[in-house]
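Here's what TrEMBL has on this protein:
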BINDING   Gly9, Pro10, Ala11, Ala12, Ala13, Gly14, Lys15, Gly16, Thr17  ATP binding site
DOMAIN    5-47  domain 'Cytidylate kinase'
DOMAIN    60-197  domain 'Cytidylate kinase'
Amino acid sequence: MSFTVAIDGPAAAGKGTISRAVADHFGFAHLDTGLLYRAVGKRVLDGEAALDAARGLVAEDLEAEGLRSPEVAQAASRVAVDADVREALVDFQRAFAMRSGGAVLDGRDIGTVICPDAAVKLFVTASPEVRAERRYREQVGNGHAASYAEVLADVRARDERDESRAAAPLKPAPDAVTLDTSHLSIDEAVAAALAVVTKARGA
Ligand code: CDP
Ligand code: CDP
């Protein structure tokens, strides 16, 4: 039987960390849907048209090198504005969500558009400053040279584009549980998310 957990929220809120922990705990499959948009963004940076890239996307594209770079993140958020690009990626995400044994999908529009009937919806958020600090630390660890101010500007620019676009804007589904991780450790955030999913499993 399928059991879908939808986890949405802005950049570096902790979606991926929480999704992986929930998937591990319950033995669910996990799809980071940001990778789909990043893979399309990367192909566009390499010169391909966005819609061709979205329609031609294959699973191996999600494992390409360099998908985590800030340039690719910005390219992803630009292609993500295009309703046709988004439409081309729907079937893959819904098929993943319906696989037996349970699935966790994280992104921006999982609870609102991709899986409106998900068993659990979490909206994971944190202040822009906290999120930028987290991303900055990650990038320093990965050898990227951006300053904190640049990372904060990148986070704000993507928030603005993701929230204001007409097609599937970033916003909590009406029935989502909001989890503000600004003042939570990873363990605390994961525990809070597991409690919500555990309750829904029992219901
Ligand atoms: O990891 P981070 O939260 O920084 O970004 P991501 O989840 O990899 O997403 C990169 C970009 O893809 C976002 O800024 C969104 O514009 C777009 N995206 C989207 O529009 N819808 C999704 N379901 C997932 C990502
Ligand atoms: O997937 P998303 O972009 O929403 O965020 P993430 O990749 O899960 O988390 C971004 C960074 O914040 C990672 O380096 C996490 O280890 C860190 N993090 C944190 O410091 N505190 C939390 N409560 C959650 C995540």
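Here the Cβ of each residue, glycine as well, is placed from N, Cα and C on the backbone.
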*Filter the candidate list Gly9, Ala13, Thr17 of binding-site residues, keeping only entries whose CB is under 6 Å from an atom of ligand 1.*
none
*Determine, from DSSP, whether Thr17 (ATP binding site) sits in helix, strand or coil.*
helix
*asked:* Restricting to the chain of Ala11 (ATP binding site) and a gap of 6 or more, list residues whose Cβ falls under 8 Å of its Cβ, or answer none.
replied: Ala73, Arg131, Arg135, Val155, Arg158, Asp159
*Over the domain 'Cytidylate kinase' (60-197), what is the model's average pLDDT?*
95
_DSSP-assigned states of the domain 'Cytidylate kinase' (60-197) in counts, ordered helix, strand, coil_ = 76 helix, 15 strand, 47 coil
*Residue numbers, six or more beyond the limits of the domain 'Cytidylate kinase' (5-47), whose CB comes under 8 Å of its CB atoms*: 53-54, 57, 61-62, 64, 66-68, 71-80, 85, 89, 92-93, 96-97, 99, 101-112, 114-115, 118-126, 128, 131-132, 134-135, 138, 155, 158-159, 162, 170, 172-173, 176, 179, 181, 186, 189-190, 193-194, 197, 201
